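Data first, discussion second: the structure below is written as structure tokens.
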Amino acid sequence: MNLGEPQEMQDDHAMKLGVPTKFHRKVGMTNRFAIGLVLVTLTFSLSFIALSHPEAIPARQQTVREVIPKEYLSTCHRRHEDGSLALLPEKYLTMNECKKRLPDVVVLGTKKCGTGALRVFLDTHPNVVFSKRAEAKFFTQNYKKGIDWYVQIMRPTATGQVGMEKSPGYFFSSDAAKRIKSDLPPTTKFIVILCNPVRRTISEFTFEQLNKIKEKYKVDTEEAKVIAKRTFNSSKFEKYITTSSGRIRTNVDIITHSMYDKYILSWLKLFPRSRFLFVDGDNFTHNPVAVLNEIEQFIEVPHYFNSSRFYFDKEKGFFCLSEPFKQCLRSTKGLEHPPVDRTVLRKLKELFKAHDFATSILTLKNFTWMKNDYGSKI
Ligand SMILES: Nc1ncnc2c1ncn2[C@@H]1O[C@H](COP(=O)(O)OS(=O)(=O)O)[C@@H](OP(=O)(O)O)[C@H]1O
């Protein structure tokens, strides 16, 4: 081809030689542009379809994607078969925004009304996470350790989980109430489990006696129980709670701790009642599912507890967990109580009746033991 020739002639030669002409080049460029445009549009459309319909990704690509176990999606822990908890690998903790936080719900009390069983049972709910320590006691004896210590003893929670703590001594402490008011957010909820005050008083006495024996003889709970039974003096309890003239002492802790109304009143002076759930401990002992369902609603977690998760253990004499693992409360819970003189029992009932009346007005609840005259068997 002579490059000095006019354009039409150059094209003529070119056509003959099979070389692309300017016209062909123009058409070629337009085609390539069009093909490119179609390819880009196709790629965009395919990735859009793939994103909005992950099932549309070809099977070969899906295999390289990690399949996250369903139970890892909104939690920070994995539960072993024996019930113990292990933190999930770091990437899941990040994905689920897991971190240690102040508790959302605090079980304030009350001592010997089933707070231990409440904790063990509630902790199996997938949306509930209790503190690492069984009892933090931060707002009472550990306050000097500082709020960072308190946060550190919590387990990490994912955003949708409810962090909880139980320290039954808080209920009796006006200091704890004031500190909670100043340190916890105004959204914190409180659970107070109350039970038959006569039975509660005997329970606290029995528990304290056992602890004294453990300390004195340097023995474990089982040995202490044997010693307690052997050395049991039937009038010990009666002597401890009555004056020489036979009146009930109203200045000993195990008695005052059962006068629930005065503590409730002091808490209600600081917090609105809507932030409390007052739970019937006697009902909880005999029908844990009903009470746990009530708690689920109050703390706003999905329904989880049903009767298949529990069984009544005849040897223990109490309900135990059957799912997700088998577990009864440890041997310091469900102690054998000493028999108590009938006259002393009657005096205790009379003393607590007036307080219970006030309790039911303050809580707007009629508790089991009030309906059945404190039960025939205490
Ligand atoms: N399921 C189950 N298993 C074992 N024990 C149960 C259960 N439900 C309620 N209870 C009652 O809980 C009482 C102990 O209460 P607390 O756990 O609050 O005691 S403590 O204040 O934390 O020491 C304990 O009191 P005692 O019987 O005097 O030991 C029990 O009566």
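Cβ coordinates are placed from backbone N, Cα and C, and glycine is handled just like the others.
Since the structure is predicted, the reported quantities are computational estimates derived from the model, not experimental observations.
The following features are taken from TrEMBL:
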type	residues	note
TRANSMEM	33-51	transmembrane segment
DOMAIN	103-322	domain 'Sulfotransferase'
ACT_SITE	Lys112	active site, for sulfotransferase activity
BINDING	Ser203, Lys333, Gly334, Leu335, Glu336, His337	3'-phosphoadenylyl sulfate binding site
DISULFID	Cys320-Cys328	disulfide bond
Do you know offhand how many angstrom separate His337 (3'-phosphoadenylyl sulfate binding site) and Lys112 (active site, for sulfotransferase activity) by C-alpha?
12
One residue among the recorded positions Cys320, Cys328, Leu335, Glu336 has the fewest other C-beta atoms within 10 A of its C-beta, namely Glu336
Which number gives the other C-beta atoms within 10 angstroms of the C-beta of Lys333 (3'-phosphoadenylyl sulfate binding site), all protein chains shown included?
17
Local confidence of the prediction over the domain 'Sulfotransferase' (103-322), expressed as mean pLDDT
95
With neighbours defined as other CB atoms within 10 A, the best-packed of the recorded positions Lys112, His337 is Lys112
Same-chain residues at least 6 positions away from Ser203 (3'-phosphoadenylyl sulfate binding site) with a Cβ under 8 Å from its Cβ, in sequence order, are Lys112, Leu335, His337
Binding residues Ser203, Lys333, Gly334, Leu335, Glu336, His337 (3'-phosphoadenylyl sulfate) - maximum C-alpha distance in whole Å:
11
Excluding its own, the Cβ atoms lying within 10 Å of the Cβ of Gly334 (3'-phosphoadenylyl sulfate binding site) add up to 16
Three-state secondary structure, which DSSP defines for Cys320 (disulfide bond)
strand
